[in-house]
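As given in Swiss-Prot:
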DOMAIN    99-294  domain 'ATP-grasp'
BINDING   126-181  ATP binding site
BINDING   248, 261  Mg(2+) 1 binding site
BINDING   261, 263  Mg(2+) 2 binding site
């Protein structure tokens, strides 16, 4: 089978995507697959460069990659691909839509408001949520242009900066606690990974720089583990995810978990969280790639 590892793209996460793609190409079982690297530099490449491949292994992140656009093109071209379909990809990429769905499904997530470019900032609603709040692009990823704001006077500048990256901005209550990530593969949760950033929160540098944070498989207390697992699987189902996704949460000091967001194409760099989780149950990176391909092929699109 000829597998095209699709990487690069046109989003702010291009460099991370290239790292993910290279890691996959380096680690994939070349005795089992004929592997080609496909670097996307412009949108047309997703049509022109995929000719002749039997399967698209997606290592794209951010817009035009993780938002369902590429998945729709590949489906139109009848090329099987890895991970979630167009609908779940686009819903998870839109933090406002995904939080609306979680709220409707009675899955705990922080209070928020969403702004379009011409909307007035509703300071009363923000005050009602209570400071600090997090300001970030609604469709962004990797914590690009994400700010923790502690006072009303700093809101406007943060919103202005976030709008440089997106047409919508989300402002949500900052939940203080420990960040964990819960990879879900099919209908099962892989081991929980704890994230201990060395900065104030898990920002771009902490995510992708060596030593930016400590990340390790962790064993939660039984009751908390059961609640986290139930929430992760319910979130995966509510957002119609397929094959695999990474559900990120914050757990407060009182052991109350909140859903942060869902990543449908999580990073696959040497620092990435899903390979660390899989290693916790003795699944190598190469085996994980195999599993993703095998499960993706089974999905009827």
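Each Cβ is built from the backbone N, Cα and C atoms, and glycine gets one as well.
Across the binding-site residues listed here (161, 248), the residue whose Cβ sits among the most other Cβ atoms within 10 Å is 248. Listed in sequence order, 134, 135, 136, 154, 158, 161, 162 are the same-chain residues at least 6 apart in sequence whose CB falls under 8 Å from the CB of residue 147 (ATP binding site). Mean pLDDT across the domain 'ATP-grasp' (99-294) comes to 93 in this model.
For residue 261 (Mg(2+) 1 binding site), the same-chain residues that are 6 or more apart in sequence and have a Cβ closer than 8 Å to its Cβ are 92, 95, 98, 248. Look at residue 154 (ATP binding site): DSSP puts it in a helix. Cα distances from residue 263 (Mg(2+) 2 binding site) to the binding-site residues 126, 133, 140, 175 are smallest for 140. Secondary structure at residue 126 (ATP binding site), taken from DSSP and collapsed to helix, strand or coil, is helix. In the three-state DSSP assignment, the secondary structure recorded for residue 147 (ATP binding site) is strand.
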